[in-house]
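Colleague: Here TrEMBL flags 1-21 as signal peptide. As annotated by TrEMBL, transmembrane segment applies to 71-92, 104-127, 147-166, 229-251, 420-439, 451-477, 489-514, 520-540, 547-566. The domain 'EF-hand' annotation in TrEMBL covers 291-326, 331-366.
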Amino acid sequence: MYFKAFLTLFILFIFSGSAYSRHIGLISDGLRNSEIDHQNFEVFRLEQNFVGAGTESCEQSYGFLPCTKTALGNVFLVLVYGYLMFLAAMYLSSGSELLLEILGPGLIGGLFLPVLGALPDAMLILVSGISGSTAAAQSQVSVGMGLLAGSTVMLITVIWGTCCIVGKCDIQDSVAVDLKDTKGFSLTGSGVSTDVWTRYAATIMAVSVTPFVVVQLPQLLHSTSGRHLAVLIALIISLTLLVSYCLYQVFQPWIQRRRLAYVKHKHFISGVLKHLRMRALGRLCTDQGAPNIEVLEKLFKAIDENEDGYLSRSELRALVVGLRLEEVNLNESDAVEKLMKDFDTSHDQLVEPSEFIAGVSKWLNEARGSNAPPPESGAGTVKYLGDLHEQTRTEHYFLGDQSDESVEAVENPRSTATKAVLLLLLGTVIAAVFADPLVDAVNNFSSATTIPSFFVSFVALPLATNSSEAVSAIIFASRKKLRSASLTFSELYGAVSMNNLLCLSVFLALVYIRGLTWDFSSEVLVILIVCVVMGVFASVRITFPLWTSLLAFLLYPFSLALVYVLDYKFGWS
């Protein structure tokens, strides 16, 4: 892998250098040809207007990397440097995944992975305004804003819509059925479903635009005196939200485990109560809602097969047979342990009649205090307990329990860790070295074609820096399961949140430290519209029919058109 990487870099340098030399040589030969006729000269002059003045000098990055002032030459350089940034993103992604296999989620999955994923974008934003004079930085920083806005918009419009199409399944009872795709491209009958945690990720994404609102307040109030202060306040808020988001990511696995354990418990007790009610000869509760002691005593005797006045583990095991415990990834042994833990208060491994009545009463009170509708007169009816059991099963399903998935151990942790570190170092070095040449190539192309650098960076640069995330998301979505769809969309929302927090923090720090002018009203408006619309939309629902992908796709050209109209028709910037 490493040999291939360095060989790729070597070949790219050879081609870029030779292409630049050949292009300059052709132009020079054309200029030296004194016998060219008038018609050929006109053709040559038109070509020069397109490719630029070949004799105009350009500043080489680091003193040796190729550069040019021509449009075609800069297209080639943007492709070369963009591919190198794509390699950097791929190496960072691969190294992060290897570290995740060794160390698991938590600190690595919550802190390092999101930061490393946003590193190429952050590098490009940093170099767009860190060098040169203040005037030059003010001109070049639009490349960083274009990348920031373009990455955000592309991830939750084009990539989001593509994942929705690739991962579509048949929708039944408002839920996409795993691995069932028979309805074709039905706009309402096909789609994807995600878990509850994905809704939370979408909510966080919508909240992450808060610093954009703060930094834009002086423009909204038509004030010029407080713009520098607004940038500082927005920077502080952005860093605070970034730290909070990373902490949430670190502790999220623990939160998920606690939430899943609670829902599993609710589902288990509702199933046991439903089973007991079907075996009982009367209601488990009186009309006043109190436990029906007489019915519970008869039920205890029916379960006590050897009639010794106690319930043993074997008798409890016979009780839980047929409860469909696989719905919440439990087995019979786990179920017996839960019964013993809640009922055997004397810890003698036997359940007495008083303990059985107290345990069932406790569970009835828990069921009555759940989110299910309050029971009518005669609590503990089969219908009420059946509805509660179905509700908890659905709740558990949408929490995305992955405890039934086997996790393969890493065969050689030391070798894998070394490989991960080398990949991370290689990706970081490539991103750091070639970010500045890529920004220069974009600016030179913009100068040669009079196309604003914002639009070039908005469209082209995200294809390089976010391509690994896009490919990974589409591959996961193609598995057509709720878990894979949840992971796909959570990664997209997380990447946008890191753009809005980490990359924006870098951008705001540049503006504040270098004393640049914040004049990106139209760009901020685009980010706000896309993030809030998609964030709120994804935070209030868990199933997305196919028609929602069309909404996402339309937001991309809408964003480009909005920036163009506001900047060049209404003069916002």
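Note that Cβ sites are derived from N, Cα and C of the backbone, with glycine treated the same way.
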Colleague: So are the transmembrane segment (489-514) and the transmembrane segment (229-251) touching or not, going by 3+ C-beta pairs under 8 A with a sequence gap of 6 or more?
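Modeller: Contact confirmed: at least 3 Cβ pairs fall under 8 Å.
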Colleague: Where does the mean pLDDT land for the domain 'EF-hand' (331-366)?
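Modeller: It averages 86.
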Colleague: Below 8 angstroms Cβ to Cβ, which residues of this chain, lying six or more residues outside the transmembrane segment (520-540), approach it?
Modeller: 145-146, 148-149, 152-153, 156-157, 160, 194, 198-200, 202-203, 205-209, 212-213, 215-216, 219, 454, 489, 493, 496, 500, 548, 551-552, 555, 559, 562-563, 566-567, 572-573
Colleague: Count up the helix, strand and coil residues in the domain 'EF-hand' (331-366) according to DSSP, in that order.
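Modeller: Its residues fall into 26 helix, 1 strand, 9 coil.
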Colleague: What is the three-state DSSP composition of the domain 'EF-hand' (291-326), stated as helix, strand and coil residue counts?
Modeller: 21 helix, 2 strand, 13 coil
Colleague: Grab the same-chain neighbours of the domain 'EF-hand' (331-366) for me: Cβ-Cβ under 8 Å, and only residues 6 or more beyond its ends, written as numbers and ranges.
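Modeller: Distant Cβ neighbours of the domain 'EF-hand' (331-366) are 265-266, 268-269, 272-273, 276, 284-285, 291, 293, 296-297, 300, 309-313, 316-317, 319-321, 323, 325, 379-380.
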